[in-house]
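Trainee: Feature list, courtesy of TrEMBL:
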DOMAIN    B:3-182  domain 'Electron transfer flavoprotein alpha/beta-subunit N-terminal'
BINDING   B:202, B:227-228, B:241-245, B:258-265, B:279  FAD binding site
């Protein structure tokens, strides 16, 4: 049984991931071991940025009191945590681990942070644009025994509940979750702001805590391995047609798809 | 170890993507049990029992499963899932919502959006918006997988006679509640299953101009899609979006109209058999993947195309 007392000042935990910038075209390494990320522009995953923005808006509305951002990875991800702090988060946690952990291990570390911080709301992006997994929020919800609302395009917090409109295949679906809950963001939830220079300066002084997997009592196992990475099959160069009549003729007689 | 496939349905009809998911199960080559969980969904189980690839149908019919909420459905799948070697979902919004929850509760990884089966523990899946294909190997005892429908040809829907076995519902999950659905109405074929798709982008200018695409879609029996720019501009609803964050399609013919061809859009359609691009910007990236490109004003080209068909 859960005790139904609702404290207005809620804490929001937001998970952010450092990924390749979404405009960069990736190259597969010649040895097919992975994609080549050396000297590549990195950024906050766009969906995570939307999660940070939503948390900041909840704080501006007086719904949230504190925003904690967390990222899992090596020291480089502190750059993305500082960005989140500049956007309005209050403090940051880096869980320091080597890169390329499997999704279940990430979810275990995040749910250990959830257990430690006891947030009222956990916000994540619906997927990272590198691995395209779309798993972490759901796994954290499962491991933390919390309800989940994925692919959110609208989030309303009131009376200890989250009312979430989700983007589903046929249209939209609205759910009501008891808090604490896990919500993952879709692209249309909001339009993230840019960090101002004064806020970037201020963010440098905000607290950033570094934790290890041991600190969190999580043992990491690697059960999912990437055997190789290939280029996708490339398409052969097409032809330009000059008229609609020629296009229709080619579709009928050459491609035979009409 | 046998395979559990979770049926995709709306309580009335079995969704065609289930047949593609079963094709992935067939590639794994073991006995397949199909789970139909919903409310008032006996007709779905009946239809499923006719699929030759299915050995047994499990039917969980309860108010708890009416909307296939992640919490209740995951608990049900976990309850019966431990005896299976593979648990397969379609990579739809329902499958993506539930499968990771199932995997975490079983303390195993989940493998998303597979497009090929290389062996019982090895799968291929696109990463980086489809710009690389990863081959992944799982050491987990149970492989929980979502299957990209366009990666597998559908299995036959008729000719089998699998037994249907009823399951009792577990305790419902009380922390989440369904409020309402707002589903888009359409007489056109489902976007992910259509053999012809015509999509509009920012170049369409406004929502009314999508009628130009509708007229052509009606003649071709096509589905109408959109780029993110068209959805964000409010031209059309989000469920029409094709791309990395929208739907993945691989029709026989994809016609991109007024779409520049950003990486994120290409991720959703570049496995189409034939791609046609109509764009007034001859440098638009979409022309690099188009089999047939027409450089020109779409407002002139579309009425002509309708007249030619």
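The backbone N, Cα and C atoms fix where each Cβ goes, glycine too.
Those TrEMBL annotations? Automatic predictions, nothing curated.
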Trainee: By the criterion CB under 8 A from chain A, which of the binding-site residues B:202, B:241, B:244, B:259, B:262, B:265 would you report?
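Mentor: Listed binding-site residues passing the 8 Å Cβ cut to A: B:244.
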Trainee: If you draw a 10 Å sphere around the Cβ of residue B:244 (FAD binding site), how many other Cβ atoms fall inside it, taking every protein chain shown into account?
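Mentor: Residue B:244 (FAD binding site) is surrounded by 24 other Cβ atoms within 10 Å.
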Trainee: According to DSSP, which of helix, strand or coil covers residue B:241 (FAD binding site)?
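Mentor: Its secondary structure by DSSP: strand.
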Trainee: Let me know the model's mean pLDDT on the domain 'Electron transfer flavoprotein alpha/beta-subunit N-terminal' (B:3-182).
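Mentor: Overall, the domain 'Electron transfer flavoprotein alpha/beta-subunit N-terminal' (B:3-182) comes to a mean pLDDT of 96.
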Trainee: Rank the binding-site residues B:259, B:262 by the number of other Cβ atoms within 10 Å of each Cβ, and give the residue at the low end.
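Mentor: Least crowded of the binding-site residues B:259, B:262, by Cβ count within 10 Å, is B:262.
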Trainee: A 10 Å Cβ contact count, applied to the binding-site residues B:202, B:265: which residue has the minimum?
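Mentor: Counting other Cβ atoms within 10 Å of each of the binding-site residues B:202, B:265 gives the minimum at B:202.
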Trainee: Quick check: in three-state DSSP terms, what is residue B:265 (FAD binding site)?
Mentor: helix
Trainee: Taking DSSP as the reference, which of helix, strand or coil describes residue B:202 (FAD binding site)?
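Mentor: DSSP assigns residue B:202 (FAD binding site) to helix.
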